[in-house]
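Asker: According to TrEMBL, the protein has these features:
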- 10-243: domain 'NADP-dependent oxidoreductase' (DOMAIN)
- Y30: active site, proton donor (ACT_SITE)
- K55: site 'Lowers pKa of active site Tyr' (SITE)
- H88: substrate binding site (BINDING)
Amino acid sequence: TSHHGGYSHNAVVHALQKCGIRHIDTAKRYGCESLLQKAIKESDVKREDLWITTKLWHSDYGYENTKKACLESCERLGIEYLDLYLMHWPDAHVLGKSNREVRAETWRAMEELYEKGLCKSIGVSNFLISHLEQLKEDCVITPHVNQVEYHPFQRPQELVDYCKSRDIVFEGYCPLAKGEALTHPAIIQMAKKYGRTPAQICIRWSIQNGIVTIPKSTKAERIEENCKVFDFTIAEDDVGILNGMHDGRHVSWDPSLI
């Protein structure tokens, strides 16, 4: 789910009831945690069968603020624990303190939340190698996950390899490049070749590259389409073509300046 019209109650219920989806990825910043509580209840899916991820926005960074924000997110979601809690962004925006200091202080609170079982896993989002290296020096627990923009035009392979070498699960968001990938001639051609849609090609490519892939949609039929990617394989040569489309563009935020 996301902000700016990125939430649909009916779509979430449909995803849970009809599509077998069990991972919900949201964030405080999206403003729909309490709406998700209603959708989860209506779906009748048991809490223990769900994997719920939410994110800590930088306005709540800092040791005490982080713990408070986590409890508030749980309350809005109507749950007693999070499966995964992520620091949303590497920039802390705190006067008089460096980003590194605030990230370390925040991460120490995240470690505590993990040790207490309030968060079953903890991680980061939009962190680059430099940010992860600092965290490694300043803290104890390695992030379990790094969630980063990933699509044919933004394939940060060095970061993927770094995360893999440290057992950090790499999750990719914006797999369709906010729709930009769906109109690319080579992707359209490949979709025809495999008898699939351009969206299915992008999602399947991401999965074949070993990425935990997080598409989103507010339309039930699109959610179904996004799920139908496990009954075909893209040939190695075609994966190579898609890999070669990387041009470094971001359709979301660019953390390289932080």
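Cβ coordinates are placed from backbone N, Cα and C, and glycine is handled just like the others.
In TrEMBL, annotation is done automatically, which means it is predicted and not curated.
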Asker: Just name the winner among Y30, K55, H88 (the recorded positions) by count of other CB atoms within 10 A of its CB.
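Answerer: Counting Cβ neighbours within 10 Å, the top one is K55.
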Asker: Considering every residue in the domain 'NADP-dependent oxidoreductase' (10-243), what is the mean pLDDT value?
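Answerer: Per the prediction, mean pLDDT sits at 98 for the domain 'NADP-dependent oxidoreductase' (10-243).
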Asker: Do you know offhand how many angstrom separate K55 (site 'Lowers pKa of active site Tyr') and H88 (substrate binding site) by C-alpha?
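Answerer: Between the alpha carbons of K55 (site 'Lowers pKa of active site Tyr') and H88 (substrate binding site) there are 5 Å.
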